[in-house]
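Over in TrEMBL, the protein carries these features:
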DOMAIN    3-64  domain 'TGS'
DOMAIN    245-556  domain 'Aminoacyl-transfer RNA synthetases class-II family profile'
BINDING   340, 391, 521  Zn(2+) binding site
Ligand SMILES: [Zn+2]
Ligand SMILES: [Zn+2]
């Protein structure tokens, strides 16, 4: 064994250390500040305790709270701390498993009849922090299976014994901190002192090993942070997210509704929601016309044979809506699950030449897919929805240019609607498993490099995933981060070599030979339903002025000014300014409050003085009083406010 080992750091630098050095000591040699933040380390690709000795030349990455794996180690260690706190407060409690999750961690426990609910959370949180302040080290101890079994038999922990049953002797480790010992393969943070804030989020029932034949345990969900402020921020965001829940706002703002009688997962668009939706459609329709798309309309059903040809019947038929029968024996139709097959048939309505391509067919096409009732969620998971769909039929040499154009369209949509933080995923073939994809090597290479180059040319922030492509072609998916930092998957652009084959699409080349076009599916919004849900949650219902269902509210302070209010309202309508005239017999304070609840951007208040001078008093939501204006002044002001989105930069 050599005395010195070589440690390669992520920046490529190599340093020598005594054999047996720990990651924590390596951190210390770099800076004390870094060492204070090290939670764990990745050594030759494996995450381990920062306190484990390293005995061979290794590549070492120090992990802190800013790394996903650092956070996971922090939260998993917090699960041990939670268990220790619970054991002190609930003697005899038995433990299942305690893994980290996306945000925090849980521990499954058997309280053996002891009561534990919301009012006990604070007590447990306080105990966790009291124990954390003792800065107890997490001590790793390899142990034989026999000794491990003896330990948990003595302690009386049947679930740990069940876990041990499936482990091999020689691979088992215990971790202890303070008075608590757990069966665990680690890794853990150096000591409990890193944990400065703890919150029990909720409890739920969970069957042991997820099997309903087993006993129902109590799953305690919690989250911890290295700073109290981070916990405060997190809880604030959760509250904000609840307030912005599109299901709640959709109801309050009267945008959409669901009816059991109509059926689960089938949204009903109310007048205001319909207005919003039509605005969005018109916005995209206009942009698409500028980008060379042609609008088409296809029916909501299609013969079963259409979907047998497209392959959808084979793939989804069994798990979706059943065929519609007619009085004609043997005649079967399906609710349209996709628009693509219809568009392929439009392509085939006449012979196409290389000069006709690209052909871009767009449709706000409503499709129906059966989702399990448990999967349904507001507007984001529904059974009937409208895609902002389009299919581009082009020559293989046009794929890159078409991709660039679609990327431009998608980015234009994002920017116009206030999504500034976006990224994209490029999904390519698994190079080790090429036979599972259809289409020639040459076509794939061409399309893949077209997507990569197009993304680079447009400066997209991308991650590339090998093996994530569909069997019929590579794709580009867009993700946006909303105002609360949540990630949503939005539009997608997908190359398809499959449907042109199945539908035997052709074009005549300049050499008079027949060729297959490439098909590109794309939907910048994804679906109108899902996109509006995200728009509501991102804006909290405060839509951009051009999208607001009600842009203004005319609020006369009493019925004496009804005629003047009508005159003002009519003039605004004539100038394409939408809203309502509140002629209710209510106090002006009440009318203003209701307009605020409805998130109306501008309130025009009028009374004696305004009527006499032919003016209105303008209030802007979130800003306050803008003073008095003549109607013409307000119209000019309004048109200026709406401009940035209504007249977006040319594509
Ligand atoms: Zn552990
Ligand atoms: Zn399609």
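Note: Cβ is positioned from N, Cα and C throughout, glycine not excepted.
Note: TrEMBL annotation is automatic and uncurated.
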| message | Other than 340, 391, 521 themselves, what residues in this chain have Cβ atoms within 8 Å of the centroid of the Zn(2+) site's Cβ atoms? | response | 338, 339, 343, 344, 389, 390, 494, 496, 499, 519, 520, 522
| request: For the domain 'TGS' (3-64), jot down how many residues DSSP puts in helix, in strand and in coil. | output: 14 helix, 27 strand, 21 coil
| task | Grab the pLDDT values for the domain 'Aminoacyl-transfer RNA synthetases class-II family profile' (245-556) and give me their mean, rounded. | result | 92
| remark: residue 340 (Zn(2+) binding site) falls, by DSSP collapsed to helix, strand or coil, into helix
| message | Let's check the environment of residue 340 (Zn(2+) binding site): how many other CB atoms sit within 10 Å of its CB? | response | 22
